[in-house]
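Under the heading transmembrane segment, Swiss-Prot lists 6-26, 31-51, 59-79, citing sequence analysis as support. Residues annotated as domain 'PLD phosphodiesterase 1' in Swiss-Prot: 237-264. Residues or ranges marked as active site in Swiss-Prot (evidence: sequence analysis): 242, 244, 249, 418, 420, 425. If you look up Swiss-Prot, you'll see 413-440 marked as domain 'PLD phosphodiesterase 2'.
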């Protein structure tokens with residue numbers, strides 16, 4: 001790793017040196033020498049890019065960035081654009097995960113994918129093979145609406161913990177909500193409960209060092225995912241752990257869109273109301289979610305938990321359908337994009353999507369438009385206001401082609417909508433951490449739950465319909481009348497859609 005960092009550092013210094021000599025030459029020889037060196041480094045980067053065999057869209061995007069923004073663009077390319085880096089850095093973890101999960105699931109009796117509706121059978125047949133993750137039937141889930149429902153439920157379950165509490169979050173802040181959860185962690189640790197806390201170093205930069213030390217002193221085992229100590233020369237910098245997982249005694253689990261911060265309970269006056277969806281899990285499915293945590297924990301701490309029987313004893317309950325946990329990211333071969341595509345393609349009646357970041361790749365857009373052409377009701381809901389300028393306008397750039405195909409687009413007005421929900425035909429759904437953008441599809445560690453639980457899906461549908469009442473339905477005519485300034489912003493932002 002150190003050798004690779006030094007190689008990138010010296011190559012970057014050479015690029016800057018060549019750039020300076022070219023622009024401020026002392027002699028004609030230095031001018032042409034600097035220019036030649038500068039062009040050679042850029043061409044070498046473009047050659048490496050072409051060898052990655054990515055889509056033509058992404059290849060051309062990065063070529064343009066490297067040519068027109070060479071110094072800054074080269075940094076972005078080295079640490080976010082290189083797909084082969086992902087393959088090399090996480091190859092060992094990917095193989096290890098596959099083997100550990102195979103051994104874990106081989107102990108279980110896998111339910112047959114039979115007796116399901118056509119769309120359900122098609123999706124789960126694909127997802128089992130593609131994701132290599134078991135399905136469960138002896139499980140159930142409860143849909144939790146917003147932070148006001150979710151965090152009291154999480155805190156109550158944590159206080160009842162007897163053996164262990166395992167927590168994994170992308171964003172965890174030292175504010176009123178974060179300290180409330182930390183107090184429970186420290187209290188349970190002092191009582192002898194094992195408490196392990198994994199946080200993403202980039203997402204949780206507002207987790208105070210003094211709070212980390214307080215938790216450690218209380219007995220909480222806490223580690224960061226991908227620390228930022230090497231700055232831009234950390235090749236793993238751009239691969240972030242976007243998962244949100246809580247496991248209590250192997251009996252109860254929580255997963256969904258909510259991080260830990262006061263904005264997630266609508267207490268940030270700048271953001272205002274926060275709309276999100278989370279799930280409470282019970283039964284065998286908790287073991288699968290726990291396995292994802294244990295593999296992530298082992299990766300950053302070197303403590304092996306997944307082989308210990310006490311952490312791998314499923315607690316079955318009476319189920320209400322088919323359930324599957326799917327983790328994606330640099331450590332997994334499959335992409336959430338593939339699973340979303342299969343869900344959309346399986347639809348026969350309706351597709352309802354709620355996502356905060358809508359920057360779909362070509363395959364997702366094609367599937368949505370094809371479904372609408374077949375007469376499937378397609379609804380896409382996004383927030384009116386976004387916390388990212390580029391993402392907001394890049395999302396809007398896709399609306400004209402969707403509206404033209406008869407797809408209904410809703411702009412959520414009440415506040416910021418952060419949920420990641422998809423409902424197919426009213427009998428197949430997904431809730432989790434993955435957005436519909438390139439970061440979730442290519443770079444982030446994500447986890448979603450796919451299920452057929454009729455009661456949970458009815459709840460999601462009711463919530464979606466309530467959200468529609470708080471949304472503006474975009475009309476093709478009205479949207480096409482937007483001003484030149486908005487069109488320009490959308491076109492500019494779309495240039496970066498491949499890296500958002």
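Easy rule for this one: first residue shown is 1, then count along the chain.
Backbone N, Cα and C atoms are what each Cβ position is placed from, and that goes for glycine too.
Counting every protein chain shown, the number of other Cβ atoms lying within 10 Å of the Cβ of residue 244 (active site) is 23. Counting in whole angstrom, residue 242 (active site) lies 13 from residue 420 (active site) by their C-alpha atoms. Summarising the environment of residue 242 (active site), the number of other Cβ atoms within 10 Å of its Cβ, over all protein chains shown, is 23. All protein chains considered, the CB of residue 425 (active site) has 21 other CB atoms within 10 Å.
Considering only the active-site residues 244, 249, 425, the residue whose Cα is spatially closest to the Cα of residue 418 (active site) is 244.
Assigned with DSSP, the residues of the domain 'PLD phosphodiesterase 2' (413-440) fall into helix, strand and coil as follows: 3 helix, 12 strand, 13 coil. A C-beta separation below 8 Å, combined with a sequence spacing of at least six in one chain, links residue 420 (active site) to 256, 257, 277, 354, 355, 356, 430, 431, 432, 433, 434, 435, 436, 448.
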